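For reference, TrEMBL has these:
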| type | residues | note |
| --- | --- | --- |
| REGION | B:1-43 | region 'Disordered' |
| COMPBIAS | B:1-18 | compositional bias 'Basic and acidic residues' |
| DOMAIN | B:40-345 | domain 'Aminotransferase class V' |
| MOD_RES | B:Lys211 | N6-(pyridoxal phosphate)lysine |
| BINDING | B:Arg356 | substrate binding site |
Number of protein chains: 2
Amino acid sequence: MTTQQKKEIPVPQVEKRQPIPKQNLRVPGPTPIPPEASEAQTAPMINHRGPEFSAMMKRITLRLQYFFQTEALVMTYPASGTGGQECAIVNVFSPGDHVVSITIGNFGNRMAKIAEAYGLQVTRLEYPWGEAAEPASVEKRLQEVAPYKGVLLTHNETSTGVTNDIETLARIIRKHNPDALIIVDAVSSLACVPLEMDAWDLDVVFTGSQKGWMVPPGLMMIAASPRAWEAYKTAKLPRFYFDWEMTRKSLQSKWQHPTTPPLSVLYALDVTLEMMLEEGRQAIFDRHQRAGEYVRNRAKALGLDLLADHQYASNTVTAIKVPEGIDLKVMLKKLREEEKTVFAGGQGQLDGKIFRIGHLGYFTEADLQSAVDNLEHVLHDLGYKG
Amino acid sequence: MTTQQKKEIPVPQVEKRQPIPKQNLRVPGPTPIPPEASEAQTAPMINHRGPEFSAMMKRITLRLQYFFQTEALVMTYPASGTGGQECAIVNVFSPGDHVVSITIGNFGNRMAKIAEAYGLQVTRLEYPWGEAAEPASVEKRLQEVAPYKGVLLTHNETSTGVTNDIETLARIIRKHNPDALIIVDAVSSLACVPLEMDAWDLDVVFTGSQKGWMVPPGLMMIAASPRAWEAYKTAKLPRFYFDWEMTRKSLQSKWQHPTTPPLSVLYALDVTLEMMLEEGRQAIFDRHQRAGEYVRNRAKALGLDLLADHQYASNTVTAIKVPEGIDLKVMLKKLREEEKTVFAGGQGQLDGKIFRIGHLGYFTEADLQSAVDNLEHVLHDLGYKG
């Protein structure tokens with residue numbers, strides 16, 4: 001087309017905007033938002049280079065460090081959890097570096113793919129979906145594939161509802177390779193189940209706002225150990241948007257960001273962090289453990305099969321096998337339309353074979369009870385005998 | 001540190017959260033949000049893989065295409081405007097490609113830096129800050145530096161308050177190099193001043209939610225011409241988060257995203273797009289033109305010097321030279337604290353030398369009048385004789 005052929009694009013015909021429905025949203029993120037935090041988003045915009053912003057950002061950052069259990073600066077970016085995976089990789093590695101990807105599901109595979117897209121040499125230690133990375137076999141395999149510069153791990157695999165024992169895995173990796181960079185995707189675990197970045201000697205840990213933090217999606221948080229910052233100095237993968245140093249400098253000198261941060265999500269996070277401190281870290285972990293146990297027990301009582309190895313079953317998301325004779329699409333639609341209850345389907349190789357119930361962030365036991373009650377009704381309506 | 005030296009990170013002592021003040025926020029983004037859009041953010045979270053989301057995303061995307069004036073799919077990412085710069089570059093170029101960066105300020109320089117960070121060979125055509133890229137000299141220089149694969153341009157340079165004549169520049173580039181990829185940073189111009197992606201034959205155009213779109217920061221929108229999509233097929237720069245194909249596939253097959261989108265910003269955008277259509281594209285452009293003229297005329301009447309060449313002065317942001325004898329920090333603080341009016345300072349080489357008044361997105365003429373009235377008071381309080 002040349003500029004001579006000027007063509008006007010007309011106003012599109014679209015469906016009218018409908019009110020967003022209030023549902024029992026039981027997917028593993030986005031999670032429901034507490035009313036105080038939701039309301040906080042409506043505060044006026046401010047200058048992200050002004051003192052009001054700096055005061056808020058300092059408070060948020062220090063509190064994030066507490067929940068990460070780290071003395072390292074927690075850096076924040078407008079991004080999704082996948083952005084966290086990329087940010088973790090591009091700041092510490094160089095093309096051709098050998099990394100080991102311990103993958104137990106879809107999001108572990110995604111991080112491995114990112115590493116490959118950036119030209120790393122990736123060795124996958126894959127475990128069947130539904131299982132955790134078994135420490136003894138990890139130890140054996142690591143010795144076989146050495147040397148390697150880093151290990152990519154998923155704390156809680158959102159696609160399968162399995163939580164890796166990161167503390168043990170990190171100890172094994174460190175014993176075998178003291179300089180290894182241990183990269184942990186904690187998107188759907190942090191602030192829900194125990195994770196202690198410094199005590200467990202993890203090097204890069206990242207998470208996303210729409211999970212345990214009880215705020216809308218749009219913010220990614222990431223922290224790097226002194227060992228990771230040392231690696232940063234020689235890491236040659238190309239990067240700019242996700243570069244750490246630019247962000248560190250802005251945060252540490254002014255509690256600001258090099259680019260425009262997602263203000264309304266930060267307003268909400270400022271509120272939820274306060275709520276989380278009031279509830280207490282251990283109490284939050286306990287609540288998630290009770291939630292996991294409740295959902296698993298109810299599912300088993302209904303005669304349903306859980307995907308996850310019971311020893312490693314996640315306390316933030318439960319994956320349930322679709323029972324014989326049940327059409328998953330019909331079941332999810334019926335739940336959504338008739339019961340206002342929303343579960344997630346499966347991903348990748350589990351598409352159509354499982355559904356997932358999220359129980360992280362902002363929920364009450366009544367929300368979970370109602371969700372499983374509705375599941376029970378719908379299953380029976382669909383002829384499930386259990 | 002070894003895992004033996006377990007160290008607990010205590011709850012930090014922080015300043016108490018203060019209410020976010022309502023100000024006359026006259027920075028060139030984030031811009032104030034209309035109450036209806038601000039309120040829309042508080043709608044419940046929904047499943048970003050469900051039908052409610054798809055219905056919203058289809059409507060938003062088609063309307064974005066109208067404002068971009070393109071038949072190309074407008075893709076959306078959780079990111080800032082800088083993310084748009086990176087996204088534009090990594091999808092169409094390969095290491096070593098020669099690109100010409102026409103830069104007239106800080107954001108033009110940033111895009112050139114990103115291209116260099118990714119290993120492109122960048123030739124800069126630099127213009128003094130405050131001036132636009134002069135078409136005749138661009139034409140001459142392009143011939144001297146050929147061959148090149150693409151040209152990086154800024155439509156509206158937020159740091160200097162100058163709007164390039166992209167239509168003319170694109171025509172010159174296309175005449176000289178029919179296959180050139182014309183990449184346009186329209187972060188602070190799109191939806192405020194005329195831009196017609198298809199008619200002007202631009203290849204990549206991107207913008208950010210916190211500017212003319214009247215919603216909070218956190219969303220980046222980008223579109224690519226058929227020529228850019230053709231270049232994508234052979235572009236070898238590493239990428240994953242900002243990859244186009246993954247996003248295109250999700251949007252075009254399901255009106256969803258490969259990763260979690262910033263829901264509350266999208267809720268607000270769904271509302272503002274409706275408001276923008278009601279006001280009308282031309283009426284929005286006219287309102288911004290009146291705003292630009294108003295602020296420039298008032299500044300001149302106060303005896304202040306404008307940074308921008310009058311022929312290319314921006315209708316979304318006005319840069320004003322700090323008058324002799326005035327301490328900029330004191331002036332901005334007084335305006336903020338006493339008059340609840342917030343202007344932006346200068347960036348890079350203009351830090352301390354200019355201040356900037358934003359007049360884009362959601363504003364009334366009364367907002368601008370009050371802002372300049374307050375500027376006048378404060379200047380006189382500080383002894384300015386004008």
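Including glycine, each Cβ sits where the backbone N, Cα and C put it.
Tertiary neighbourhood of the region 'Disordered' (B:1-43): same-chain residues 158, 161, 187-188, 208, 210-212, 214-217, 264-265, 267-272, 275, 316-317, 336, 339-344, 356-363, 367-368, 370-371, 374, selected by CB-CB distance under 8 Å and a gap of 6+ residues from either end. It is 15 Å from the Cα atom of B:Lys211 (N6-(pyridoxal phosphate)lysine) to that of B:Arg356 (substrate binding site). Counting only residues at least six positions away in the same chain, the Cβ atoms of B:Val27, B:Pro28, B:Thr158, B:Ser159, B:Gly161, B:Val317, B:Thr318, B:Ala319, B:Ile320, B:Phe343, B:Ala344, B:Gly345, B:Gly346 sit under 8 Å from the Cβ of B:Arg356 (substrate binding site). Computed over the domain 'Aminotransferase class V' (B:40-345), the whole-number mean pLDDT of the model equals 98. Cβ-based neighbour count (10 Å, all protein chains) for B:Lys211 (N6-(pyridoxal phosphate)lysine) stands at 29. Helix, strand and coil counts from DSSP across the region 'Disordered' (B:1-43) read 6 helix, 2 strand, 35 coil. DSSP gives the residue listed as 'substrate binding site' a strand state.
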